Amino acid sequence: MVFLNMGGPSTTAEVGDFLSRLFSDGDLIPLGRLQNYLGPLISKRRTPKIEKQYAAIGGGSPIRKWSEHQCEEMCKILDEISPETAPHKPYVAFRYANPLTETMYKKLLADGFGNGKGGRAVAFTQYPQYSCSTTGSSLNELWKWRQRLEGNAASPGDGSDGTIKWSVIDRWPVHPGLVEAFAQNIEKTLQEYPEERRDKVVLLFSAHSLPMSVVNRGDPYPAEVGATVHAVMQRLGHSNPYRLCWQSQVGPSAWLGPQTATSVEEYIAKGQKDLVLIPIAFTSDHIETLYELDQEVIGESGHGDTVKRVESLNGSPVFIRGLADLAKTHLASGIAASRQIGLRCPGCKSERCHESKKGRAELAPPDDLITESSRLLEPESEENAIGKQNGPQNEIWVLAEEFQELPWWKRPSVWFLLVPYALFTLAFGGTIVPKFNLIVGLVCKHYFADRSAADPSFKFEEDQCFDPDVQRSVATFMMGMAVLTGTIGSLTAPKIGSLSDRYGRKPLLAICALGGITAEIITILAAKFPDTVHYKWMILGSFFDGVTGSFTAGSVLIHAYTSDCTPPSKRGVAIGYLHSCLFMGLAFGPLLAGYFAEWTGSLLSIFYITLGCHTFWVFSMAFITPESLTKKRQMLAREKYEAEKEARRPAPGSYGVVSPRIPFGKGINDAIYAIRNQNPLAPLRILFPKGAYNAAAKRNILLLAFIDVVILGTAMSSGTVLLLYTEYMFGWRNLESSRFISLVSMVRVFVLLGIFPVVNYFFRTRKLARQRRESGGAPLVEKSTGADELDLWILRSAIFSDVLGAIGYATVRSSPLFVLSAIVTAFGGLGSATIQAALSKHVPAERVGQLLGGIGLLHSLTRVVAPILFNGMYAATVKIYPQAFFVMLTTLFCMVFVASWFLRPHVYMIEEEDLAVGEPGPNGSTNAEREVMEDDELLPRVQ
């Protein structure tokens, strides 16, 4: 028989360790992502004061003494009244103090339970009224150590494999033994009042309070405490007036009330001085009765002669006999646990609670009997599991469970993207050089056609297309196309990213390809009918490309899709696969395009292939690739969006900006609201999470965004300049340029497919495997907790290779050394994949599309600014110092390399609803944060 309780330090020397464990428990004090930061801070600050309080009640908590006494005496009675299950051995397991749950479980094994010997154990909670913060936390801790100490063999839970067979007594708020013990103690205390005043004494039942955020979530604790109070008053025949009060509130946030101390003060002020306090939620004395009630509430009231406290249950024979009766009934019934144990609170949004409750539901099968399928907690619950990742893997991704029951062809995976994306990038890579040379040829033809018209003696030669004036015209035209696409894409890409959170990734991925289809059709027409369709019509293709988000929105969505269905430890590698597809297309596309053009005898055939690949992408998104966002997550994102939208509306009855009484006042206000709601820079809000608790996350996100903009901005905008420079400096033509792009891209593919997975295996996969072995073979939960140390070191290494390569570009003057410099920069391909993965680890799943949409806005703006900056600089300096562009590139890479050293690992954005208590206050602080900073204690009186 295992008594579960919170526990308390038996001596003042144990207070520090006790508080450290207490504030590390997210079930009792859920501080969200702040747990690891605020927990030790609170513990350290509270220890001296709590030590004084325990010294004031005798140097420690008596809860261990009473718990061991109650359990031992109960087992003696149980041996008599239930000989068929005798002998009964007493154990006590405290959550935060000795004897800890771990210690108890090891003692069970040492005493002959489990380890192939079987045996039955009952987890008997000593919290009569159930709360997720108390009983729930204790059961979670018990299961954790069961998994670690009995390993995977513990999964059946019926003892058939020689492990311990567990069942649970999880709540008993109206058990007759409990009610009778309280009633007798109350009657005894009432006898201390004169008979003429006795029936007018007010009974104040006092229980530990809860934050209103927890109450409103639907925690059953208040209702079950109320049920206990009602049962006791029925037993007393409603002999006295009574009220239920709540104690131990801390901090400025809203807690369940009225508070016990305030109630005593106000009753005394009203003239009601005869008061009896009943600690209705406690089964023995501890600091909340001996110090808070006795010394603070009663001692400071000034009426210790009329305000009294009922003796705690402690060694009450009636109470202990009631415990034995309850245990006997449980053992005889064959019931593993109450049906309540698997039910979540209606307002609960915790994934951890969801999985834990789902696992505990296994305790109550349909017939409520212990069967071979019964178990204490599902092996894939609590910290072990919230879904599986691809079969044999033992690391578990928290979102994968949503698709666990689907057949493989309906289960989202990055592999569904690779084939259509690889085909598209092959076609895309094959058209880069031909399209560039097509534009050069068309611009050159029209440029010299104008000169021929002015000078009939002028003779056109192909080499004249490499004239600096022609190069300037080409750079200017391509800059205009890039600026147009980037400007329009900066408006549409974030919207598309945000829409994908609310309506799924697939439809938006298909839409992104429609602009590319239109652009390719116009390119084909301009190439096939150059005299009819002027090359400047290609600007219209850039317009449509921008309207549908262009490459930027497509990149945002495929990264969001990958983040949806890939665990954090594998996300960088998965995104690396996508990037390797791009570079593979750049590597082999030009070679295949060259052979294909030779085979068909027409360069236009390459553009037809590209058009077909765009069309296949749309077909794949529509009919093959499964959606990565469930309807549930889409609806959650829609609800958040509508709530945010509604919050920006003027409050009902308010005037808004102008009074509605003036002419057109309402229309003006509506127009102002519409403008505010359509702020083109609004998507960047996600880069600035609110609250001081998000300061580190905001710094990381902004730094990663800055680094990403520089790396991808240079990669997207410097390609044209590289081709112009090599053709100008080294006299390269279509063949040499294609080989150059292919070589550099092949190195990037090798880095992403060869080096990146190996690094990930040695520094992540093996580490997780070691942790799994240390945890007894239990699967490990994977949740997004921000970028880890490996992400940061890979990023810094990648940027450093970019720095070295850019220096080489600027200083070398021979083509072999220039190619060598390009190979060095190819190792920087790790950077962009790592950044996209790291960014997605900083935000909740339903915010990934929004975050990447904001990054997409920056990418689009970069497509506007970078061509102006890079192409403009090259056009201005090509005659005097063509390497000026590479000097600027080196400077930018040095800046982001320095910025990368200010990134911090394991930083995560906390949303307001994820905090345990209250709403954000002034300056973005939250009640949880203010409780620590403004109040000197947070749940200090425990056991």
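Glycine is treated like the rest: Cβ placed from N, Cα and C.
TrEMBL annotations: computationally assigned, not manually curated.
Here TrEMBL flags 414-433 (among others) as transmembrane segment. Sequence-distant neighbours of the transmembrane segment (414-433) (same chain, 6+ residues past either end, Cβ-Cβ under 8 Å): 558, 561-562, 565-566, 574, 577-578, 581-582, 584-590, 592-593, 596, 606-607, 609-610, 612-614, 616-617, 620-621, 624-626, 719, 723, 734, 737-738, 741, 745.
According to TrEMBL, the domain 'Major facilitator superfamily (MFS) profile' annotation covers 415-908.
The annotation transmembrane segment is assigned in TrEMBL to 508-527 (among others).
Residues or ranges marked as transmembrane segment by TrEMBL: 539-562 (among others). Cβ atoms under 8 Å from those of the transmembrane segment (539-562) belong to residues 412, 414, 417, 421, 480-482, 484-489, 492-493, 496-497, 500-501, 505, 508-509, 511-516, 518-523, 571, 574-575, 578, 628, 716, 836, 840, 848-849, 852-853, 855-856, 859-860, 863 of the same chain, restricted to positions at least 6 beyond its ends.
Packing against the transmembrane segment (574-597) from elsewhere in the chain are residues 414, 417-418, 421-422, 424-434, 558-559, 562, 566, 603, 605-606, 609, 735, 738-739, 741-746, 748-749, 752-753, 756-757, 829-830, 832-833, 836-837: each is 6 or more residues past its ends and has a CB under 8 Å from a CB in it. Residues or ranges marked as transmembrane segment in TrEMBL: 574-597 (among others).
Positions annotated as transmembrane segment by TrEMBL: 603-625 (among others).
For the transmembrane segment (701-725), same-chain residues at least 6 beyond its ends with a Cβ under 8 Å from one of its own Cβ atoms are 432-433, 436, 471, 474-475, 478, 482, 551, 687-689, 737, 787, 795, 799, 802, 828, 831-832, 835-836, 838-839, 842, 851, 854-855, 858-859, 862-863, 865-867, 869-871, 874, 878, 882, 885, 889, 892-893, 895-896, 899-900, 902-903, 909. Per TrEMBL, the feature transmembrane segment maps to 701-725 (among others).
Residues 429, 432-433, 569-570, 572-573, 576-577, 579-580, 583-588, 590-591, 726, 732, 790, 794, 819, 822-823, 825-827, 829-830, 833 of the same chain lie 6 or more positions beyond the ends of the transmembrane segment (740-763) yet place their CB under 8 Å from a CB of it. Annotation comment: TrEMBL describes 740-763 (among others) as transmembrane segment.
A Cβ distance under 8 Å defines the sequence-distant neighbours of the transmembrane segment (818-839), meaning residues of its chain 6+ beyond its ends; these are 559, 563, 568, 571-572, 574-576, 578-579, 583, 701, 704-705, 707-708, 711-712, 715, 726, 730, 740, 743-745, 747-748, 751-752, 755-756, 786-787, 791-792, 794-795, 797-799, 801-802, 804-809, 812, 851-852, 855. The transmembrane segment annotation in TrEMBL covers 818-839 (among others).
For 880-903 (among others), the entry in TrEMBL reads transmembrane segment.
Annotated region 'Disordered' per TrEMBL: 919-943, in sequence order.
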